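Peer 1: Okay, these came from TrEMBL:
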DOMAIN    17-84  domain 'Gp5/Type VI secretion system Vgr protein OB-fold'
DOMAIN    151-212  domain 'Phage spike trimer'
REGION    212-235  region 'Disordered'
COMPBIAS  225-235  compositional bias 'Gly residues'
Amino acid sequence: MENEIADLRRRIDNLIRTGVVTDVNLKEGTCRVKSGKLETRHLPISAIRAGDARVWWPPSVGEQVTLFCMSGNPETAIVLPGLFCDAFPQPDDRSKTLHVHFPDGAIIEYDANVSALLATGIKTASIETSESITANTSKATVNATESINATTKQATVKATGITLDAPTVTCTGLMQAKSISVGGSGGGSATINGPVSIKGSLSQTGGKLSSNGVVLDSHKHDGVETGGGTTGGPV
């Protein structure tokens, strides 16, 4: 009877234990845990979801975990990460905040106190969908220190005004515009290199209209005679 009581006490004491991960088998999804003087075999790791939706987030060596030992037997335990400890303290102290701190320094968090989502310290990010992506907001800012590349079959931008603020704007193909205004109050200018074809009326006011150095509205001709003769060239 005493042996049975002692065994029962031992099993009750072993139902729930805490320990530290000493080794992780990533292929098998198991880990070894040292709890007091006991070091377990490789045990299964509990997951948030493990059905049609699955989450893979293994513990790391040195992480403090909880062992749930069925029938009080550590050999049948399930490992539940994780418990904060001196080696790995909590990374944040705000309420209503989800904060994930990765070992490379990347941080993903949502702070409900200010309704702010943050992702920082990431080298690359990829989002791929088979149909569409929709983003709705009142303001959007994109800062790229080197370049921005966008590739698509058809692009449409609707706005009350568009400002292209760059020393040079290059269009490699045909550019069509219902109307165009060049210059403005700042006294800008335009230069066209290559043949120009105009269909319709051409009006010019203010300044001089010249061709090959000859002002069209004020130049003179020599050799002017009455009758059907031809004048000389522009003076």
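Along the chain as shown, residues are numbered 1 onward.
Including glycine, each Cβ sits where the backbone N, Cα and C put it.
Computed from a predicted structure; not experimentally measured.
Locate each feature and note its surroundings.
Peer 2: Applying DSSP to the domain 'Phage spike trimer' (151-212) sorts its residues as follows: 0 helix, 2 strand, 60 coil.
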Peer 1: Where does the mean pLDDT land for the domain 'Phage spike trimer' (151-212)?
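Peer 2: A mean pLDDT of 84 is what the predicted model shows over the domain 'Phage spike trimer' (151-212).
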Peer 1: How many of the residues that make up the domain 'Gp5/Type VI secretion system Vgr protein OB-fold' (17-84) does DSSP mark as helix, as strand and as coil?
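Peer 2: Its residues divide into 6 helix, 35 strand, 27 coil.
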